[in-house]
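**Student:** In case it helps, TrEMBL gives these features for our protein:
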- Ser67: active site, proton acceptor (ACT_SITE)
- Lys70: active site, proton acceptor (ACT_SITE)
- Ser127: active site (ACT_SITE)
- Lys248: substrate binding site (BINDING)
- 298-393: domain 'Peptidase S11 D-Ala-D-Ala carboxypeptidase A C-terminal' (DOMAIN)
Amino acid sequence: MVGTKRKSVILFFVLLLFAVVLGPVPAEGASSDHLPEIEARSYVLVEIKTGRILAGSRENRTYPPASLTKIMTEYLVLKAVKQNRIRWDDKVKVSSRAAGIGEAQVYLRAGEEQTVKELFTAVAVYSANDAAVALAEYIAGSETAFVEKMNREAKRLGLKKSHFTNCTGLPKHRYPDPPEIEGGHHMSAMDIANLTRQLLKDYPQVTEITALPTFQFRVGEKRERKLVNRNKMLFDLPYHYEGVNGVKTGFTTRAGYNFVGSADKKGMQVVTVVMGTDSDRRRFTETKKLLDYAYEQYRMAPILSKGKIIPGHDRVSVRGGAETQVPIVLEETRVLPVRSGDDNYSVRVNLKNHLGAPVEAGTVVGKAHILHEGRKIQDVPPVRMVAKESVEEAGWITLIFRFVSGWFR
């Protein structure tokens, strides 16, 4: 019924890209060629929707993540809420162990009760270690059991350069009794970016919390406290950057100053990761460089559009059909971050030679692969090409007429 041969053709569709690629030139003063030097041990800049890497250095090497660890902690809390295993208004009774966890903290006391939502917000806004451990114990019974969940989740998500030994990112010697987990505690910038992408994809509402510049903890209690977000790129904070809505800072002496930023601006969402910068200020200034580069040099553009045809590949022959050919169109739109002035995009089409009647509208007949500089773009899947309409089987009179007509051609 279906031909086995496939056509492989590269189309340089300058006309299709003319409207989207030759748009506004970069902002005045922006580099049109190179990313400015980023002063960090490791970094990566990723467009969230496609996962396309826009810039990076040593992004696959592993380093101590410090409190960037808590992105996975937050992910598992949100997952537990979504699965109705816990509720936001559940009261969590703080253990003496959780209360004893130091460094960044909200000074929880043994026996104190706070809601899941309050504790989660303390983690997301203030990076509170004691709140993170209290949540871990509430969900899994112990921090050790929770960390085992973290490592299983990392494996499920394909984070091959990540391994956790606690839910906070603190060095083991900072724990009075660390979780019983073997191995080192490390992540790569690429894994952190992918985890953050997954967090924002699965739980986009998390930015309602991560974007809070401040938060009042223990409202109405004697020990009420104002928490100022450690992400200083948020509105009304020292390094405010338009569009930033998260996500997490981290610091230990060994890790240096780390930061994961997320931003939504000009129709494009990006995540940035900088690891091992030398100061609190530096992690934000280097992130600003990455964000400036993203928003001055790139914009989202529809490379392929749903329902449109690709010239020269707009139909496929149908054997035994009332019609001898069926028109074909793209099944979906594919939008990519495109650098201003870059017209090095093409598409490679793989089509079936023919179909056998009957053909239903929507039948897949091939794929269109987007290429950049002649190569497939990592993490950008092809777009399926489908029959635009149905074709019924031809009647016997039509088939005989075609057969006879063929003798006179």
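Don't overthink the numbers, they just go from 1 along the chain as shown.
Yeah, the Cβs are placed from backbone N, Cα and C, and that goes for glycine too.
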**Student:** Can you count helix, strand and coil residues in the domain 'Peptidase S11 D-Ala-D-Ala carboxypeptidase A C-terminal' (298-393) using DSSP?
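**Tutor:** The breakdown for the domain 'Peptidase S11 D-Ala-D-Ala carboxypeptidase A C-terminal' (298-393) reads 0 helix, 57 strand, 39 coil.
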**Student:** What mean pLDDT score does the domain 'Peptidase S11 D-Ala-D-Ala carboxypeptidase A C-terminal' (298-393) have in the model?
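**Tutor:** Residues in the domain 'Peptidase S11 D-Ala-D-Ala carboxypeptidase A C-terminal' (298-393) carry a mean pLDDT of 92 in this prediction.
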**Student:** If you skip the near sequence neighbours and keep only those at least six away, which residues in the chain come within under 8 angstroms of the residue listed as 'substrate binding site', Cβ to Cβ?
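**Tutor:** Counting only residues 6 or more apart in sequence, the Cβ neighbours of the residue listed as 'substrate binding site' under 8 Å are Ser67, Leu68, Lys70, Ile71, Ala124, Ser127, Thr210, Asn231, Phe259, Val260.
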**Student:** Quick check: in three-state DSSP terms, what is Lys248 (substrate binding site)?
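**Tutor:** Reduced to three states, the DSSP call for Lys248 (substrate binding site) is strand.
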**Student:** DSSP on Ser127 (active site), three-state: which is it?
**Tutor:** coil
